[in-house]
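Features of the protein shown, as given by TrEMBL:
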TRANSMEM  21-39  transmembrane segment
TRANSMEM  51-72  transmembrane segment
TRANSMEM  84-102  transmembrane segment
TRANSMEM  122-141  transmembrane segment
REGION    147-168  region 'Disordered'
COMPBIAS  153-163  compositional bias 'Basic and acidic residues'
DOMAIN    186-268  domain 'HTH LytTR-type'
Amino acid sequence: MNSSVLQSALREWTRLGRSPRLWATFAIVVSIFIAIGPSGTIEDMGLVERAAFWTLLHGAAWTVAILVITLADHWLAQYLRSQALLLAATALVAAPFVAAVVELMRWSWAGTEPSLASYGRQLLVCLPLSVLFSLLSHLTMSNAPSASVSSRASEDPEPKPTEDEPPPLLARLKPALRAPLVHLTVEDHYTVVTTTKGRQLVLMRFSDALREVDSIPGVQTHRSHWVAVDHVAGLKNSGSRLHVVLKSGAEVPVSRSFAAHVRDRIGES
């Protein structure tokens, strides 16, 4: 893992630490554990001790989990294009570390001697928690523009980027994926952003994403598709249907309402 990946991951880890969503979820989860008192803590500990125990345990576990997840996410993004696979893989990587932290906390606080059997049980419990950590990390990072974009927006409520400046949408992507834009489309409540280095789901409306790429020469081909003209190889007629063929070989559908505009725009490119 090179230093640039490490630095990018640490920057994201710092940003995650400032996320209200993360802290709200942390507070809810810890409160549930304090109230229920699992693993015998409801019988063995008073309220104050139980609150301290679960707060420290979750604090240590979440810190380690999110650090491991952000590192793994940056490294695995080079090999996994599917966001679902990436979320699952980072959770699998983080779970053993989280389980180890939980075992150490239980041993240091309650004197529970660690064993392979107890570690295995903790691993089963920590795996779904790691999925939660991975999902929180993804949602927080994909929905938050970088600090440079935020500061620019506060100075100029209606920034007007030139073609020499990167579009604001790129700041929402992981640093490893920030490259020339190729294609935008829609998947559930996400906009799928494809660059020359890969793809990422960003939690935002498609119409908002289009506004953030306004400075890039491109064309909307469909109510849920946009392509950068620099990455278009040509047009293809498949029966009565028209497609834009990208230089990567991918085909993007063109709806009838956009067909005339697409032909004019692609012809100009």
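In case you wondered, yes, glycine gets a Cβ from its N, Cα and C as well.
These figures come from a predicted structure and were not determined experimentally.
Sequence-remote contacts of a segment are chain residues at least 6 beyond its ends whose Cβ falls under 8 Å from one of its Cβ atoms, and for the transmembrane segment (51-72) they are 1, 5-6, 9-10, 12-13, 16, 26, 29-30, 33-34, 41, 45, 89-91, 93-94, 97-98, 101-102, 105-106, 109-110, 126, 129-130, 133-134, 136-137.
Below 8 angstroms of C-beta separation, residues 45, 47, 50-51, 54-55, 58, 62, 106, 132, 136, 139-140 of the same chain, each at least six residues beyond the ends of the transmembrane segment (21-39), sit close to that stretch.
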